[in-house]
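Participant: Please read through the structure below; I'll follow up with questions.
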Amino acid sequence: MDHVPALVLAGCCFLALLPGWACGLGSMSSIAVSYGEDGPVFCGLNSDGSHLVACFGADASVLYGAPPNIPFLGLTAGDGFVCGLLLDTRQPYCWGSNSYVKSGVPQPMVEGARYSELSAGDNHLCALRAAQDGGRGSSAATSLIDCWGYNMTATHAVDEAVSTVSAGSVFNCGLFARNRTVFCWGDETVSGVVGLAPRDLHFQSIGAGGYHVCGVLENAQVFCWGRSLEMQQVVPSSAIGDGDVNIVPMDAMSTVVGGRFHACGIRSLDHQVACWGFTLHNSTSPPKGLKMYALVAGDYFTCGVPAETSLMPRCWGNSGPLALPMAVPPGICVPTACSHGYYEYVNHGEVGSIKVCKPANSRLCLPCSTGCPEGLYESSPCNATADRVCQFDCLKCVTDECLSFCLSQKRTKSRKLMAFQMRIFVAEIVFAVVLVLSVSVTTCLYVRHKLRHCQCSNRELRLAKSTAYSFRKDNMKIQPDMEDLKIRRAQEFSYEELEQATGGFSEDSQVGKGSFSCVFKGILRDGTVVAVKRAIKASDVKKSSKEFHNELDLLSRLNHAHLLNLLGYCEDGSERLLVYEFMAHGSLYQHLHGKDPNLKKRLNWARRVTIAVQAARGIEYLHGYACPPVIHRDIKSSNILIDEDHNARVADFGLSILGPADSGTPLSELPAGTLGYLDPEYYRLHYLTTKSDVYSFGVVLLEILSGRKAIDMQFEEGNIVEWAVPLIKAGDIFAILDPVLSPPSDLEALKKIASVACKCVRMRGKDRPSMDKVTTALEHALALLMGSPCIEQPILPTEVVLGSSRMHKVSQMSSNHSCSENELADGEDQGIGYRAPSWITFPSVTSSQRRKSSASEADIVGRRATDGRNVGSSIGDGLRSLEEEIAPASPQENLYLQHNF
């Protein structure tokens, strides 16, 4: 452990008890920004008080590395990485691509150590230990600070109590708790921050930048020191604007943050932003007239949380994200009451007051504003629940704004008076109406009483009875038919709500684009991350509306673990939008054929086959369990999405249609689909059956095995079917395997999958297997790939079974077709198994052994090659023998009815 004198050490960021919420290059707050060559990323805690983190930006390592279910107290960030202080253990946890700050809990880590603050520089992280017993934490006389990263990995001891720390690029500075003086340590070769630190000034807070430090003094003035003029050594002078970071504004500030060569602060008077220092010529200016709650600085850009109910951050500068479709809290929740000079923040939204801190004993404290601008007076002082309120002094108006406000106040008073008079007038009218009605009712009752004594003729009585009967009959007709009312699962959103969630459908939030629609990432007001599919406005509005309602109707009916879940929709004029669950890992196409080669390598054989099994289960549900069956018509790798747990979901039902109750009966439909995946029989003869989806899925299986696109003209044989099928039939399985991955030690599983793919892409639809048999064969192959015989393979530990208490016993029935002796032996070994219905489970690798056998499609069960060709190799024999291993996958009909009705 290093023992550092009081003037040579570091620290972090100021918490809720310090003035304002600000975050320099890497100080801790509820928001943080990473930067670097892979692009900027904005991360923030959710505004719902869950303490979960959400990120938005360009760096994939930070976006996909963010833990979705781990709560954090606060965040900090540096060059290509983000760190957070874990809410439960109070230890740091990092993610990203920085080579000096590794992902996970930094090591070495003192056992049992707990920390109160974090601070990140360009390539290092420092943490201030919390005061605790046992000698592992800070005390009233000594503070311990642990650092990790480039030239920083060490534990430092300070002879006094340290209240806050803040990290720059290659140095750190902190404040002593006793006298609020500053001390610094680290590499000052470029900045000179350590030697220039003012030892006789007292600060409320500090914010370290790249090569300088700025702080808010006790009189709310800003003081900066350092050598940011040396930036010309890093950035070409032709790209730099004018300004010196040491020339600070004279306004009183509540918070200050530091970027690479600039600084920004929030003015105490009006909570607006002021920035100074060097900027790049193409930088955007800070927002004018917009109040801010909190700030965070990257290298050449700054972001802030505006004082609006939406709490959607804004950024300015260079290279940073401009619009962020996410809501974040303006600070960190603390378990103590707000001290003097602070008030508890509550978000007053459209639906009422929303407390951003969930625990009842925690709160978010913001600093009170000081004073009022010229021409205004303080009508309400700052208290524990609200900031001070300033109003115009109508007796001393000198500006047009003041005159307009005072005139509106007079009009408001006049309207209130008129409203009061109107209420009196309405009350008088109501009294008169009630009086007239009372007299009328009294008169009617009197006349009716007199008429009772009159004798009516028989004709009049019959007429009265006939009228009464007709009235009762008409009443019966107008009763609503309650059976016609339908309950939809999909929620209806307003266009404004979805536009706000996606940042105005900006290009930054666009995650995909097709021929007929664009997909945007958005965050709803409750913090839910969604994908919004927006239809491209077409000239044929009627056709576009038909496809929209078709997909909406289908997804509202369907419910399966491996079909994309529809959350809601919006139909506003010509705008048609569908809201889905957001799939964090994109599509299978992006992994197999995207520009990032690392995505393809991460998709190992086990994960690829698992995705194939899960997609097959989804299509099997459409064909076998939906009533009536659904034909997708656009099965392809770009329509198989992957969620954050790497589970597959079948998506895009815009071209889907309802099939006949008998899945073998063809429909006469014009061809629709994607080139390379389209069934040749459907294309030529216009015969559409569920086997058309089987052909498309066979192409996807070939993509998974080979890593090649369905149609890739850079190869001599551009069509994947024409290239792969002859090689598979010849037994040359190595020739089609993706060269990016090493082949498994046992190729039997991949041989089975290749054989299934060949059968799926047969020219005649009746020669192809059904999806239940394809699913069974793929599950056999997955069991082999995982290292156990498919008959004895248990359910994988990672398999998630929903409603497992509803598992059913299914007896194995022998096939009506002739089988070999080995097949008979296999049938005896299987015995009785258990399987949850497919519409409530994720796929099981052993479910194929537990399905009821079927003899409806003899081409797969027990079928032998009849063309007389003999490959002569053991590989060819192994591929042909797979035909005997594919069995039907559908459960019994009574099980389906039992679980659905």
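Using the three backbone atoms N, Cα and C, a Cβ is placed for every residue, glycine included.
It should be emphasised that the depicted structure is a prediction, and the values quoted were computed from it without experimental measurement.
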Participant: Need the cross-check against Swiss-Prot: the disulphide partner of Cys372, picked from Cys357, Cys382, Cys390, Cys394.
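Facilitator: Recorded disulfide partner of Cys372 in Swiss-Prot: Cys390.
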Participant: Going by Swiss-Prot, tell me which one of Cys357, Cys365, Cys382 is disulfide-bonded to Cys368.
Facilitator: Cys382
Participant: Where Swiss-Prot annotates a disulfide for Cys338, which of Cys303, Cys315, Cys365 is the other cysteine?
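Facilitator: Swiss-Prot lists the disulfide between Cys338 and Cys365.
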Participant: To the nearest whole angstrom, state the Cα distance for the pair Asn151 (N-linked glycosylation site) and Asn383 (N-linked glycosylation site).
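Facilitator: Cα-Cα, rounded: 46 Å.
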Participant: When you measure from the Cβ of Asn179 (N-linked glycosylation site), which residues in the chain that are at least 6 apart have a Cβ under 8 Å away?
Facilitator: His202
Participant: Using all protein chains in view, find how many other C-beta atoms are within 10 Å of the C-beta of Asn282 (N-linked glycosylation site).
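Facilitator: Excluding its own Cβ, Asn282 (N-linked glycosylation site) sees 10 Cβ atoms within 10 Å.
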Participant: Within 10 Å of the Cβ of Asn151 (N-linked glycosylation site), how many other Cβ atoms are there?
Facilitator: 12
Participant: CB neighbours of Asn383 (N-linked glycosylation site) within 10 A?
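Facilitator: The Cβ of Asn383 (N-linked glycosylation site) has 12 Cβ neighbours within 10 Å.
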Participant: Quick one: pull the CA-CA distance for Asn383 (N-linked glycosylation site) versus Asn282 (N-linked glycosylation site), whole Å only.
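Facilitator: Rounded to the nearest whole number, the Cα-Cα distance is 42 Å.
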Participant: In the repeat '4' (162-195), how many residues does DSSP assign to helix, to strand and to coil?
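Facilitator: Per-class counts: 3 helix, 17 strand, 14 coil.
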Participant: Using DSSP, break the repeat 'TNFR-Cys' (357-391) down into helix, strand and coil residues and give each count.
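Facilitator: Secondary-structure composition of the repeat 'TNFR-Cys' (357-391): 0 helix, 12 strand, 23 coil.
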Participant: Which whole-number mean pLDDT does the model give the topological domain 'Extracellular' (25-423)?
Facilitator: 84
